[in-house]
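To keep things clear, I will list the structure first and then write my remarks on it.
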Amino acid sequence: MRSSCVLLTALVALAAYYIYIPLPSSMSDPWKLMLLDATFRSAQQVSNLIHCLGLSHHLLALNFIIVSFGKKSAWSSAQVKVTDTDFDGVEVRVFEGSPKPEEPLKRGVVYIHGGGWALASAKIRYYDELCAAMAEELNAVVVSVEYRLVPKVYFPTQIHDVVRATKYFLQPEVLHEYSVDPDRIGISGDSAGGNLAAAVSQQFIQDANLKNKLKVQALIYPVLQALDFNTPSYQQNVNTPVLPRSVMVKYWVDYLRGNYDFVQAMIVNNHTSLDVEEAVALRARLNWTSLLPASITKNYKPVVQTTGNTRIVREIPQLLDARAAPLLAEQEVLRHLPKTYILTCEHDVLRDDGIMYAKRLESAGVEVTLDHFEDGFHGCVIFTSWPTNFSVGIRTRNSYIKWLDQNL
Ligand SMILES: *[C@@H]1O[C@H](CO)[C@@H](O)[C@H](O)[C@H]1NC(C)=O
Ligand SMILES: *[C@@H]1O[C@H](CO)[C@@H](O)[C@H](O)[C@H]1NC(C)=O
Ligand SMILES: *[C@@H]1O[C@H](CO)[C@@H](O)[C@H](O)[C@H]1NC(C)=O
């Protein structure tokens, strides 16, 4: 009896140690976030074990866990019709708001889910609920793209999949079939999906046939650059759930098919040290000492290495490619972009990617709304229903949908 008490106490202590992480009190529902983070971390550890045993790639294993827990088959209600189909060979899940006599033509949104270019699905509950809410509240047709993921495909195949599905949707006969107004179509995504949405928007304005086809882009805590992993938000959120800095750097390395041996060097910005000539001209485009306000930079200092590792960008030149890192695009490209919404969260390594992009777009003359949440954390927009319901999840989602309602 006594020994089982000791054992139980030890187990509880161990569980508490595993789950507890110090979080700022300004974060939304910190205890719930700790539990969510511990669950995600254990899934990651199980996947790493499966990888070490040689049974499967860790990202395949992790995605298998995520998708098997959360998959939802196509469904329909009086308000929304949901269909799984394919657009020019790319799988999509389409959400159609019910027809309204006063508004015969609907708005259209191409939605790209997040997950580090490697995880999640348009068919998991979280994204299914978000897209259904958009279709219903906006009376829109939402095309949620089931693009292929790492490690089946790498950069730039994810972009190609989204471009194919979007071009298919934009054809007059397809828009007609779905009763979509060709002048009211937007592109949107969260996290790595926000990265893909930003990349596709830049690609479309450079193509005479596609220019002006998208009315808005709405980016939710997008990933936008891989040159500086020491922006104030990266420094401030090194270990913040659900996206610690090292995890984000690994997603980049995986997407660009690089080598994990470089991760530690990239974390200290050795890949963009002053002796890396290829990066010199680009560094000014994400110079956060001039792009971010003092309220954000606080006392953080830039991390610039004099000598680093020149091999990294030689082996992974895509790090400097604006299609992978839309923040690196030239001003000349940015100035043609459509009206833009960018949502950022204080407790997120990617906060400053979003704020810097908003600033660059604004300087280029694009109309931008920067919607910042002081108690937000990375991923919160999809966490709106029990048991993973967060107050900031509901507020961010409402704010995002409201912007689309007023601007699309
Ligand atoms: C960064 O580069 C410097 C110079 O090559 C090297 O001394 C240092 O160990 C590197 N740091 C990491 C973490 O790789
Ligand atoms: C970044 O901006 C600061 C302030 O405007 C400037 O002093 C610095 O030279 C810039 N650095 C780069 C690499 O452009
Ligand atoms: C989450 O949902 C439960 C059950 O509906 C509710 O009691 C709770 O207050 C919600 N929490 C938040 C943070 O919204």
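Note that Cβ sites are derived from N, Cα and C of the backbone, with glycine treated the same way.
Note that TrEMBL annotation is computational and uncurated.
Taken straight from TrEMBL:
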| type | residues | note |
| --- | --- | --- |
| DOMAIN | 109-262 | domain 'Alpha/beta hydrolase fold-3' |
| ACT_SITE | S191 | active site |
| DOMAIN | 319-381 | domain 'Alpha/beta hydrolase fold-3' |
| ACT_SITE | D348 | active site |
| ACT_SITE | H378 | active site |
Write down the Cα-Cα distance for S191 (active site) and D348 (active site), rounded and given in Å.
11
Do you know which of the active-site residues S191, D348 has the most other C-beta atoms within 10 angstroms of its C-beta?
S191
Return the count of C-beta atoms lying within 10 angstroms of the C-beta of H378 (active site), excluding that atom itself.
25
Three-state composition of the domain 'Alpha/beta hydrolase fold-3' (319-381), taking helix and strand from DSSP
24 helix, 19 strand, 20 coil
About how far apart, in whole Å, are the alpha carbons (Cα) of S191 (active site) and H378 (active site)?
8
